[in-house]
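Database features, via TrEMBL:
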TRANSMEM  A:12-35  transmembrane segment
TRANSMEM  A:47-68  transmembrane segment
TRANSMEM  A:74-95  transmembrane segment
TRANSMEM  A:107-128  transmembrane segment
TRANSMEM  A:164-181  transmembrane segment
TRANSMEM  A:210-233  transmembrane segment
TRANSMEM  A:239-256  transmembrane segment
TRANSMEM  A:263-282  transmembrane segment
TRANSMEM  A:302-323  transmembrane segment
């Protein structure tokens with residue numbers, strides 16, 4: 001039973017954490033693609049920027065949360081979402097909109113977004129330095145240890161405070177997005193523009209408004225994902241390097257242009273990663289005695305070492321692109 | 001004052017002129033039909049009216065007001081609706097959502113106009129929760145026309161509404177066009193099925209090489225042996 005708890009801690013919880021972060025990021029990438037038809041490489045840095053804004057605000061007002069009994073970074077998150085959304089709209093106005101106005105090919109926008117990546121990372125480094133920073137400036141990170149009421153189980157299920165917030169916020173974001181896209185006039189117009197931009201325009205839908213709304217949503221979600229990841233581990237200016245590949249893998253696995261597919265894809269990639277680095281030897285340990293003599297159980301039995309975790313989304317990406325380029329939900333091909 | 005009045009319209013894509021002086025006039029309660037051989041500029045003319053193509057010379061008046069080269073969303077506000085020949089629905093949106101998008105600029109219209117569009121096209125009511133991409137060609141054409149009607153246009157431009165449809169659906173669409181017109185919407189449509197279309201037309205415009213070849217009432221054009229010989233296949 002202890003092994004099962006170990007599995008819950010290291011796969012179920014860890015996988016849900018990474019999956020949630022990838023899912024929220026991938027939704028942004030997929031929405032941007034479905035409206036503007038280009039792969040936005042600077043998305044990871046919008047996540048970093050959101051987390052950086054939280055760090056900045058928390059450092060400035062470290063006591064803000066104590067008054068209500070909530071960690072300060074969480075209080076600052078809505079403000080950081082607004083700032084990141086504003087940054088996203090601003091970047092679009094300054095860099096992508098002029099390119100679109102010239103009617104360039106999507107690849108030009110992709111390369112442009114690569115430039116934005118480097119610019120954002122440089123800016124964040126300039127202010128935050130190159131090292132890691134904890135977002136918990138004045139608060140303590142609560143860790144909950146839930147002992148299972150089963151005899152012989154010594155290992156508790158461990159879940160941290162930011163992880164709980166992550167699950168709640170992911171749920172809220174997904175449900176909110178669903179209602180926005182399926183019920184609201186603007187959400188439907190967004191889907192309409194994704195389906196057929198010319199007809200959307202012929203129906204009188206203002207495509208500039210839809211583009212701006214897309215950036216606001218993608219920016220706000222990016223801030224959530226970046227902040228929650230930084231809360232779970234630490235804030236680093238180069239977070240995006242570890243996020244970009246899995247997020248694009250998630251968007252493509254789900255079917256590019258499908259928000260629900262991106263959510264599913266995020267969890268597929270997140271769980272694939274955790275399962276690949278999980279030490280399966282632990283689960284096999286109870287059966288150690290019944291194994292034949294010539295087969296001894298190694299101490300570490302994982303598909304890949306933790307340091308090579310990044311190959312997993314890369315592998316998934318290659319497999320999907322070769323065998324099912326439209327993804328699970330039959331999206332568009334990048 | 002005519003509802004729609006196009007005078008000596010010239011235009012084309014990227015310097016290549018396709019329209020070389022087209023004239024068209026329809027009154028508020030009329031059906032105008034544009035026929036002619038392939039490449040005559042029929043669809044191009046509709047696109048020029050709806051602001052999808054640059055008009056380099058001439059003018060287009062909607063109730064006396066010049067509208068040439070206005071963007072499509074402005075024209076929708078001024079009471080014009082356009083149904084393209086292809087890609088004329090939002091495939092992943094449900095039928096109802098497609099129709100709602102048609103009234104995007106007039107959200108107050110949605111409830112009332114939805115009921116009217118379902119009256120015009122009863123099959124759409126039963127399929128209202130289905131994605132439009134799953135419908136048959138004829139039903140998709142109904143969704144496309146319904147979407148354009150949602151904004152309560154004064155004039156509806158239809159680009160080959162019966163293209164690729166079975167004869168059964170073709171007749172149905174012509175019937176619907178007549179009904180919509182009877183409800184007070186001026187129609188200007190391009191048609192390949194020239195004889196059937198001219199039969200319901202108040203005015204017919206036979207285009208060739210980007211110019212009017214014949215312009216008359218639908219009945220007169222059908223009766224004209226020269227039109228019949230050159231353009232209606234004998």
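Here the Cβ of each residue, glycine as well, is placed from N, Cα and C on the backbone.
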Q. The transmembrane segment (A:107-128) vs the transmembrane segment (A:263-282): three or more C-beta pairs under 8 Å (separation of 6 or more)?
A. no
Q | For the transmembrane segment (A:74-95): best-contacting stretch of A:47-68, A:164-181, A:210-233, A:263-282, by Cβ pairs under 8 Å | A | A:210-233
**Q.** the transmembrane segment (A:263-282) versus listed stretches A:12-35, A:47-68, A:164-181, A:210-233: most Cβ pairs under 8 Å
**A.** A:12-35
Q. Taking a Cβ cut-off under 8 Å, which residues six or more beyond the ends of the transmembrane segment (A:210-233) line up next to it in the same chain?
A. 17, 20-21, 24-25, 27-29, 31-32, 35-36, 40, 43, 46-51, 53-55, 73, 77, 80-89, 91-92, 97, 135-136, 141, 160, 162-163, 165-166, 169, 173, 177, 180, 186, 189-190, 193, 200, 239, 243
